[in-house]
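These notes are about the structure you will find just below.
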Amino acid sequence: MITLKNVSKWYGHFQVLTDCSTEVKKGEVVVVCGPSGSGKSTLIKTVNGLEPVQQGEITVDGIVVNDKKTDLAKLRSRVGMVFQHFELFPHLSIIENLTLAQVKVLKRDKAPAREKALKLLERVGLSAHANKFPAQLSGGQQQRVAIARALCMDPIAMLFDEPTSALDPEMINEVLDVMVELANEGMTMMVVTHEMGFARKVANRVIFMDEGKIVEDSPKDAFFDDPKSDRAKDFLAKILH
């Protein structure tokens, strides 16, 4: 479903990704973790072309992402992305946030787009807030709206870039619960997160990054119970204290 082969990226002379290779199979949940500045967010943003790469190849469902001929807008309509800071349109109501891309990109009629939006708002527990604006919702509610908005596009995979790191602690679980439900339903997911409880619960594999390299890429039990690298052992000791 998602394949990265020998992916490298530079910002000027600074190399942010070095020879990164991995694969996410259909229905797999892969958690990407590592210290700040390790390249996690950059890696996940290369998957749908938000971050261009200078070397290597990225394919999603057979489409080569970094081929100049690839229609990235079309690809992004099929790969949902949820960001750290929600990225909702502040001037649109919640229901409008959920219907806009369905109508503009997927060319859905307004009535079925609205029906789909309401169904997904109900799924994330927010149907009562359809006519409110983002600023009227808590951070946790806004992030659940962002997940529902991505799901409105019927994505083949979902990418999450630190979806809980901007939230107050008491709001984190309401977002993670939605993500756990998605994982249990078989959604293909790549998740950049420090939430190791979530990783233990639903990840098939864990990728550990440091200094732009994939240091470990292993089944979750192997990663948590028997990490191979000293860097991963050190990271887990700090984060699981």
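Positions of Cβ are set from backbone N, Cα and C atoms, glycine also.
Remember, predicted model here, so these are calculated numbers, not experimental data.
Quick look at what Swiss-Prot annotates:
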- 2-236: domain 'ABC transporter' (DOMAIN)
- GLY34, PRO35, SER36, GLY37, SER38, GLY39, LYS40, SER41: ATP binding site (BINDING)
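Structural mapping of features recorded in Swiss-Prot.
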| residue | record | contacts (Cβ under 8 Å, 6+ apart) |
| --- | --- | --- |
| GLY34 | ATP binding site | LYS40, PHE208, MET209, ASP210, VAL215, PHE235 |
| PRO35 | ATP binding site | ASP210, PHE235 |
| SER36 | ATP binding site | none |
| GLY37 | ATP binding site | none |
| SER38 | ATP binding site | MET209, ASP210, GLU211, GLY212 |
| GLY39 | ATP binding site | VAL16, LEU17, CYS20, MET209, GLU211, GLY212, LYS213 |
| SER41 | ATP binding site | ASP161, GLU162, VAL192 |
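Within 8 Å of the centroid of the Cβ atoms of GLY34, PRO35, SER36, GLY37, SER38, GLY39, LYS40, SER41, where the record puts ATP, the same chain has further Cβ atoms from MET209, ASP210.
Secondary structure from DSSP puts GLY39 (ATP binding site) in coil. The Cβ neighbour count for LYS40 (ATP binding site), using a 10 Å radius over every protein chain in view, is 25. Under the DSSP three-state reduction, GLY34 (ATP binding site) is assigned to coil, being neither helix nor strand.
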